[in-house]
Amino acid sequence: MSRPIRAFINCAALRHNLAVVRRHVHQARIMAVVKADAYGHGLLRVARALDAVDGFAVLELEAAIQLREAGFSQLILLLEGFFSIEEIEAINHYRLSTVIHCHEQLSMLLAHKKTGKPDIFLKINTGMNRLGFRPEEGNSVLNRLRQWHTDISITLMTHFACADDLLEADHVDQQLGSFARLEEKREGCIPRTLANSAAILRYPGTHADWVRPGIILYGASPLPDKTGIELGLQPVMTLTSRIIAVQHLDFSDRLGYGGQFVADQPMRVGVVAAGYADGYPRHAPTGTPVLVNGRRTRLIGRVSMDMLTVDLSGINEAGAGSLVTLWGEGLPVEEVARSAQTISYELLAALSPRVQTVSSIP
């Protein structure tokens, strides 16, 4: 029998969360961000549940090809673009869309033979300072692309650095201003994509032609002051395991690596088959919430590679075989992330391949 840790993926929740996005964006087209194996939820499983979207965004060419070969006909965008001439050929062959964010990519594309109708998302750096051309370069790059290929589709794209933070609204306005100045100088109407998950929720004026929801599709909040549940979302991943042993600590007994937890009274401890090699955060401290048989308790001691330990005080019926919920249904992943001083994105995307995923809920 295999280890009892499981990640249950609720595909109905995915569709519910997509409906929430649609209510926010009205007429904008939706490009579901399914990078990092759909944030740890399984690329094809998620894409099939979200097959009503207008497009998908991925990172690797291999993931884009996997989607296309699985029969998805929607737009499929490579968020970091291409890295070689050979990849441009594959993009053409599989009818993929690509970001262009730097002069090196532009030079590779312009040196490539003209085939088909290229679909380019031109990334503009409006203030995140990660990827993209400077706004003052935008029209020059647009003109070079149009001179290279008269039958080319171009969408302008940018990414917000601080849309999740209400105290940084001025920074969002500055980025919008940079984008608007580029638009004032160009000729004709070009589609735009600006809004990530946080902007979808907080800045309706950024929705434009395409929105790019990521974390909200998986039921977690992009906003630091709210959980997904508070936003009307449903958790898609519920990570569970089982207690595999029970230990009895006496007063002053120490627990686990480093002996950092010291019992201040006699207590029962559940040893759970889940550790940092499964994707649970090693730095989660004592006090991080967990559920045992649906009842709230706490992580105690240091998380090890394959196991962690939980406080069974007051849960007298718990023992070997009892169900432990690490996050998901009944325990928001944002709460666990906050305790571990990280973000829900990291916890979901870090799920280990050794954890079996099941398209259901426990």
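Just so you know, glycine gets a Cβ as well, placed from its N, Cα and C.
For reference, Swiss-Prot has these:
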type	residues	note
ACT_SITE	K35	active site, proton acceptor
MOD_RES	K35	N6-(pyridoxal phosphate)lysine
BINDING	R130, M305	substrate binding site
ACT_SITE	Y257	active site, proton acceptor
Packing count at K35 (active site, proton acceptor) (other Cβ atoms within 10 Å of its Cβ): 18
Cβ neighbours within the same chain of R130 (substrate binding site) - under 8 Å, at least six residues apart: H159
Chain-internal residues, separated by at least six, CB under 8 A from M305 (substrate binding site): G275, Y276, A277
What is the number of other Cβ atoms found within 10 Å of the Cβ of Y257 (active site, proton acceptor)? 10
The rounded CA-CA distance in Å from K35 (active site, proton acceptor) to Y257 (active site, proton acceptor) is 35
DSSP three-state assignment for Y257 (active site, proton acceptor): helix
Simplified to three states, DSSP reports K35 (active site, proton acceptor) as helix
